[in-house]
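Participant: Annotations for this protein, taken from TrEMBL, read as follows:
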| type | residues | note |
| --- | --- | --- |
| DOMAIN | 1-173 | domain 'G-protein coupled receptors family 1 profile' |
| TRANSMEM | 82-99 | transmembrane segment |
| TRANSMEM | 120-143 | transmembrane segment |
| TRANSMEM | 158-176 | transmembrane segment |
């Protein structure tokens, strides 16, 4: 009962007690180990496949779906294994993030003042946009049926989540800053006035 009561209440000042350095090190180590292991397994599975032809990729990166298209053998099993790994790597974090956002929304809705709610939603909103852009395009790229995968579509999606989303991060986060908003408005007014 005490745990349920504690879990239902947002206590941001307990963060340093809950997230002590040992737990942070453990979580970071687990992420690194899991990420390295996944990359190693996918790389080995891809490079043991015999490749056909001139082995030229029409793609921006040597991504697994594009590399698998060069294989001379049936890749159904490899694609299934890669799909399962993508489900785990993409959907588990997204589920945890959505769960935490649900908890945050519940806590924010308990704030009595409208300005406090706006400020809290503004802070979370920019992070939510960045997470949605990255995970949305990654899920679209890796969790679609292989018969729907087209080379041009794959290149665009890779470009979007590999280049455009990281370029948008600073813009999305800095537009929350009042000074940056003011400077941007002045630049846009000056540019608009010169036409």
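Along the chain as shown, residues are numbered 1 onward.
For all residues, glycine too, the Cβ spot is worked out from N, Cα and C.
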Participant: May I ask for the residues of the chain that lie six or more residues beyond the transmembrane segment (120-143) and have a Cβ under 8 Å from a Cβ within it?
Facilitator: 65, 83, 86-87, 90-91, 93-94, 97, 101, 104, 108, 111, 154, 157-158, 160-161, 165, 168-169, 172-173, 175-176
Participant: Could you tell me the mean pLDDT over the domain 'G-protein coupled receptors family 1 profile' (1-173), as a whole number?
Facilitator: 79
